[in-house]
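Take a look at the structure below.
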Amino acid sequence: MSRIDWCSSAGGPLRGEIVVPGDKSVSHRALMFGALAEGVTRIRGFLEGEDTRATAAILGRLGVRFETPAPGERVVHGVGLHGLRGSSEPLDCGNAGTGMRLLAGLLAGQAFDSTLIGDESLSRRPMRRVTDPLGLMGAVIDTNDGKPPLRIHGGKTLHGVTYEPPVASAQIKSALLLAGLYAEGFTEVVEPHPTRDYTESMLRAFGWPIDYAPGRARLEGGHTLRAVDVDVPADFSSAAFFIVAACIVPGSELRLKAVGLNPRRTGLLAALELMGADIAVENMRSSGGEDIGDLVVRYAPLHGVALPLDIVPDMIDEFPALFVAAATADGMTTIRGAAELRVKESDRIASMAHGLKACGVKIDELPDGAIIQGGPIGGGTIDSHGDHRIAMSFAVAGLLASTPIVIGDCANVATSFPGFVALANGAGFRLEAA
Ligand code: S3P
């Protein structure tokens, strides 16, 4: 991949209406369940990102046929629960933790062996959180000291377990439920805090019997998935950069259309409202069992807060953007209980702390969060550490910086948000290649 650096200069206000790309979590799952279903699944609003395309390419190697009638659409010709065929080549998940962890569960129950590999960042991320509980179900998966590659031995008989993950993680829950489709008996996951429930809701939509409530999911192996069309909402986590941008740049009024508002994703709205933000939800409706709505975000002066611990899991991907909001707010913001940020695409506490310090912000790193003193932001040169959400967060910071912020290593923005630069500049950013 060729290196891309950005320069973000003072800009705004943010005005107009935008639609951000489709949800990454939903797109990954729609591909996987469509592949394992009987019949043809049509996906609309599919995220054309590198992460989700990597998952489609892997399923293609395993014998699933896809059509792309138009960008953002996929037709998946399901092969049924036992219709995948093995690949002797390693299966490359790229940068995608969701792809790798969910596929580990899906592949653990197959008759054939598989090897999952990833890029440099994914190769550093912890996988025991899924391989250990899958092992309890009878799966055999070799790791490189807990990290990828994952060598998954096929032909194992899986049996259901009740598992209580030590961390709140939809990826762990989903890996187990996917393996549970192939297991004898019941597989149950009891979470320390409820996480996004797309796997559960999509399983139900595809006709698989499943009991679930916030924080708990239980299913039995041996049923059938039946194809059903999937409408993917706009990704709240991509919307987050524009939400924060419109909150912090004076004079902004921005409408984000048809954003997925699953309550396990929208903790950022609660956090920003505590800080004094002016965000209205309009046209709230339900599509495919998911809440979607338009967000109208107007500038309002923000003040620092001590972030309540219980909203942390509901905004786990939005912390880089929140760090920027906190850095521009009046007063101090304290973030605790977010140690999971250290094992995302980069160590997001360290990446944000180094970058904000380089822009003159006073920030103290904590093992599980940070203390951020809000105030003016200066320019500087920062490293995104190849992390899409760090790159986009500093693009937002540049809107208010006294001199431009140069952001290194932004190519991975294509993993989750193709077209970010054009959409951002159309809404009021001044973002260009450095
Ligand atoms: C995801 C779950 C979250 C999130 C990731 C997507 C999913 O990860 O950070 O971007 O689609 O299940 P964890 O389950 O590790 O918290």
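Yeah, the Cβs are placed from backbone N, Cα and C, and that goes for glycine too.
Source: prediction; values computed, not measured.
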According to TrEMBL, Lys24, Ser25, Arg29, Ser169, Gln171, Asp317 bind 3-phosphoshikimate; identify which of Lys344, Lys357, Lys362 is listed for that same site.
-> Lys344
May I ask which residues of the same chain, at least 6 positions away in sequence, place their Cβ under 8 angstroms from the Cβ of Arg389 (phosphoenolpyruvate binding site)?
-> Ser237, Asp317, Pro320, Ala321, Lys344, Glu345, Arg348, Ser416
In terms of Cα spacing, which of the binding-site residues Lys24, Arg29, Ser169, Gln171 are within 10 angstroms of Gly97 (phosphoenolpyruvate binding site)?
-> Gln171
Span of Lys24, Ser25, Arg29, Ser169, Gln171, Asp317, Lys344 around 3-phosphoshikimate - largest C-alpha separation, Å = 19
Entries of Arg29, Arg125, Ser169, Arg348, Arg389 (binding-site residues) sitting next to ligand 1, with Cβ under 6 Å as the cut-off = Ser169
All chains considered, the count of other Cβ atoms within 10 Å of the Cβ of Arg29 (3-phosphoshikimate binding site) is 27
Determine the mean pLDDT over the domain 'Enolpyruvate transferase' (11-421), rounding to the nearest whole number.
-> 98
Which has the fewest other CB atoms in a 10 Å radius around its CB: Lys24, Lys344, the listed binding-site residues?
-> Lys344
